[in-house]
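Quick look at what TrEMBL annotates:
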type: DOMAIN; residues: 19-370; note: domain 'Amino acid transporter transmembrane'
type: TRANSMEM; residues: 21-41; note: transmembrane segment
type: TRANSMEM; residues: 100-122; note: transmembrane segment
type: TRANSMEM; residues: 142-163; note: transmembrane segment
type: TRANSMEM; residues: 184-203; note: transmembrane segment
type: TRANSMEM; residues: 223-244; note: transmembrane segment
type: TRANSMEM; residues: 287-304; note: transmembrane segment
type: TRANSMEM; residues: 310-328; note: transmembrane segment
type: TRANSMEM; residues: 349-370; note: transmembrane segment
Amino acid sequence: MGPKSPSHNLKKEIINVSGKTNAWACSFFVHVGLYGTAIAYTVTSAISMRAIQKSNCYHREGHEAACEYSDTYYMLIFGAVQLILSQAPDFHNIQSLSVIAAVMSFAYSFIGFGLGVAKVIGNGFVMGSFSGVSTTTSIEKMWLVAQALGDIAFAYPYSLILIEIQDTLKSPPPANQTMKKASTMSIITTTIFYLFCGGFGYAAFGDNTPGNLLTGFGFYEPYWLIDLANAFIVIHLVGGYQVYSQPIFAHFEKWICEKFPENGFLNNEFFLKPPLMPAFRWNPLRLCFRTVYVVSVTAIAMSFPYFNQVLGVIGGVIFWPLTIYFPVEMYFKQMNIEAWTRKWVMLRVFSYVCFIVSTFGLVGSIQGIISAKLS
């Protein structure tokens, strides 16, 4: 029915090291993260599609025009596309998907960075301050800091599919060595991009910096370049949605088919030949479950279409358990680190501090969603 899900690989890895309880807990957070990422991608894609229409409107009518459009329509379009793509039985085998996503990501990141640099040069000075965005109260400042921490936590979601990627690598050299080099390079590269884009964006607009430089209309011209960047984002997220959703499909479908191996509704596949199109395989379970999945993701995204706050909540939920806690616990077991040694104490303190920071980011992002919903 599909590839092994990351929870399958994570359970095998963690059961060998930390036992079944930790394995199930880790699997739970992985699936929450994958599902949450699909919601975030739906929100982001809709905002980018709306930004293309707004950009063209501002170009035609002027920057003061009332170019306001709803996200709902674009979320429904994105959801409809995902309904179709989700039914592809071998979508996970399209190797070019990762290449296209990487190219799109670099492309819109370079455009955002370039527009920020150009704006700073055009201004002739650097806006903003070392204290960050100005607020009227210290409480408001605290919540904004918390939301920012949640967004930063979400900025490195690769931990959700780290073991899945490692499971596809061939040896020699050992997969863990290859993955260590790849992780180091990817973290350095993405951190540099984040710092440059975020730094120059703030330097360009100061307190008026939009949450998303390419959709918040800090930039109006050249409108075609902004349209292109947002189109790259949408293309990236159309494929990214499937990258993060296919493991959920694989895990659930594998589990229920093994539980009911004689059930024809779950296990039988049929061939359908539409006019003027090649034949394709379809399965009733795949049709029903994946449709419900996409519809639920789209419905939640439509209910909470708040870009920064949604990212912050997801980051706050998954960052500490998947990126900090479980790796640290596995390291203790694998390396036989004794309690109360210097390394044990340092890693424990590190884990606890990250837990506090993640919780702070989660609470602040939830507060942001509630405030946005009630405003």
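Note: Cβ is positioned from N, Cα and C throughout, glycine not excepted.
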Exercise. So are the transmembrane segment (100-122) and the transmembrane segment (223-244) touching or not, going by 3+ C-beta pairs under 8 A with a sequence gap of 6 or more?
Worked result: yes
Exercise. Top stretch among 142-163, 223-244, 287-304, 310-328, 349-370 for CB pairs under 8 A with the transmembrane segment (184-203)?
Worked result: 142-163
Exercise. Where else in the chain does the transmembrane segment (142-163) make close Cβ contacts, counting only residues six or more beyond its ends and a cut-off under 8 Å?
Worked result: 6, 9-10, 13, 30, 33-34, 37, 40, 132-133, 135, 179, 183, 186-187, 190, 194, 243-244, 247, 308-309, 311-316, 318-319, 322-323, 357-358, 360-365, 367-368, 371
